[in-house]
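Database features (TrEMBL):
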TRANSMEM  493-518  transmembrane segment
DOMAIN    493-754  domain 'G-protein coupled receptors family 3 profile'
TRANSMEM  530-552  transmembrane segment
TRANSMEM  564-587  transmembrane segment
TRANSMEM  607-626  transmembrane segment
TRANSMEM  652-675  transmembrane segment
TRANSMEM  687-707  transmembrane segment
TRANSMEM  719-742  transmembrane segment
Amino acid sequence: SPLYFRVLTKHYQQLLAVVFAVEEINKNFNLLSNMSLGYYLFNVDYIEMKAVESSLSLLSGESPPVPNYNCRPEKRDKLVAVIGGISTGISTQISRVLSLYSVPQISYGPFDRSLRENIQLQSIYQFPTNTAALYQGLIQLMLHFGWVWVGLVVPDDIRGEIFLQDMTQEMNNNGLCVAFAERVPEFPAKDTLNRQLFFKRFMSTSISVAFGDTYSLLRLVYNIHCFIPFGNIWVTTTDWDITTLPFQQSQSYKYFGGGLSFSFHTEEILGFKDFVRTVQPAKYPNDIFLQDVWSTLFECSYLDQDGIKTLSQCEQNSSLETHTLHAYTLCMKPMFLSFYSLLHPLLEESQLERSNSRQKNVNERTSKTKLDIFNYQSLLNGTKAQVKVGEFIFESHKAPHLSFNDKLMMWGEHRNETPSAVCSPSCPLGFRKTVVEGKSFCCFDCIPCPNREIANKTDMDQCVKCPEDQYPNMQRNQCLSKVMTFLSYEDTLGVALASTAISLSVLTALILGLFVQYRDTPIVRANNRNLSYILLISLILCFFCSLTFIGLPSPVTCILRQTFFGVVFSIAVSAILAKTFIVVVAFKSVKPGNSMQMWMVTRFSNVIVCSCSLIQVCICTAWIIISPPFPDTDTQSEFEQIILQCNEGSNVAFYCVLGYLGFLAFLSLVLAFLARRLPDRFNEAKMITFSMLVFCSVWISFIPSYLSSKGKTMVALEIFAILSSSAGLLGCIFLPKCYVILLRSDNISRKNLH
């Protein structure tokens, strides 16, 4: 059958490698003197009991074996070594027999550290493989394709446990995760697998790495055939030969097509292809395996004559060259090289050395290891073969190098593109990963980046903050440059505030002109007209000082903003305090007609204005000397803008200025409140009381609003407080007098003052 032919020819190639190596050694007279090598071939069919039987047959020289007897002629046939053990189990059983007779065993199966540590197996030699190179090759392949969620399948033995531990550690070190770890019991052990759990595990990822040999993973093959749907991609080593699995070739490709296999690189064997061309039944008439291969290849039949099977209707002199042997010769090379490199140095000493050490390494590990990567494909002619698609070079002191030809890759019948192997979908731009409690770090949720942070790559663990002069876009995957802005005369708000300030300044100037024109009237002279002039001029300056808050901040404007505002406002409030003092003293302490006392009251009011203003000047001077205001930038208040503003320098000094103004205003309010009931038609006490109530209300409301605002809003708020408080003083104190002067001129005569 096709299945039988594929398994037979796949292992028969290894027998051909032994035959070729023996013939090459026998041709070299420098190696052997007066002797030659011979060989016996046994097929154990992956059955450990048959391996024991074959070992006893080799020792006794008879089949069936005769234990404890040697039936060979001692001088002609001497058993010097046994090559065998394609799996760990087979190697172990062979070695148990051969160790009793100290016959060396050369195992060409997968290297197993547990065998060298078994004190009962003293005669087995293994070929060490660079497992570090294999691990790194698998890791680099996963990284190349972005496979981060990969299943591991190993035989249920010590070798499998070592691979799981080492590979899991290497994967974690490279940000990869184990989707599942399946330990496969030996075939034909009782099937104790939970089929539902088995199916669920294998369906959790599309990529599985199988470490083991064909024999130890037969149970896995059975379960895959019965329970796993098509489409999974397998990554294996050449120890697990997927081309010899127990399926028809078409079925094998359905389950394992597109799989990748790592093989230790070997160089071309000189003369081997020529040797294969000469292999035919006529040359080796006693080779029953060759007859089976020949019968299948050339569609011949057996004739049984007297119990001896012979080929009939076959071209006995045909050549294997007529068939595709490229895939077969790939696996013949390791067998030949292993055999030849072993026997060459040992035969120079005419005998095999026996070592009592527990570790018997025949060849040393090389510093450079090269692995070939093959892809299981369906060729154009319909045949299935392993095609080389890449290679991996590992050197202990250099970075590993993976070269891969993606254009040559074929992913089997069920995939047209590179498969994905992730536990969670990638987090897109603008999102970051967050750990899911109780799951592997490869399983995560995606959450949007917080404000002022971006994620400009997929699967970012942490979002990145934008620089101070940039802000994230709506998708939060890119930082954009902020626009510099400030309260300017081009802004609607700036124009409105500036227009209001100028209008109020003009209005105040007109009122000042009116008062100068009617300076000799009793209503203007009442409560000291000079103080009225000072108050009106200071209010004009108050309105104009608000303009320093508009425009591009500079060192000069930043200093003038607060200090000029503080000094001018202190003059205005001091003038109001002095006017209030005059009202109280004039009505309670000065006798009518005593000009001397009134002169003293006037002088004292001037002292109040000067001294109170001087204190504010000292506070502002100290502020400028110690920590003056300066131009600064605010990158936090506006999301897409950088606010150019003035930094107060010292918040303590700023609030000292405001606090002192508040103290003067409160003192004026108290005095005005006490004098509100004093008689006089032109008594300013009531007007001052209302003006101080407006003034204090504005600035008391200003402080919390100022503290809670940022950027241009904060600047506009302070301008509004300046304008509204100044307008409150102007309106409450002077507008009633203007009304009397302009519309009630009959009430301004002296006789109506009482």
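Using N, Cα and C of the backbone, Cβ positions are placed for all residues, glycine too.
Remember, it's a predicted structure, so these values are computed and weren't measured experimentally.
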Leading stretch by Cβ pairs under 8 Å, where the reference is the transmembrane segment (687-707) and the options are 493-518, 530-552, 564-587, 607-626, 719-742: 719-742
Segment-level pLDDT (mean, integer) for the domain 'G-protein coupled receptors family 3 profile' (493-754): 83
Tertiary contacts of the transmembrane segment (564-587) (same chain, 6+ residues out, Cβ under 8 Å): 527-528, 531-532, 534-535, 538-539, 541-542, 545-546, 548, 598, 601-602, 604-606, 608-609, 612-613, 615-617, 619-620, 657-658, 660-661, 664-665, 667-668, 671-672, 674-675, 678-680, 683-685, 688, 691-692, 695, 722, 726, 729, 733
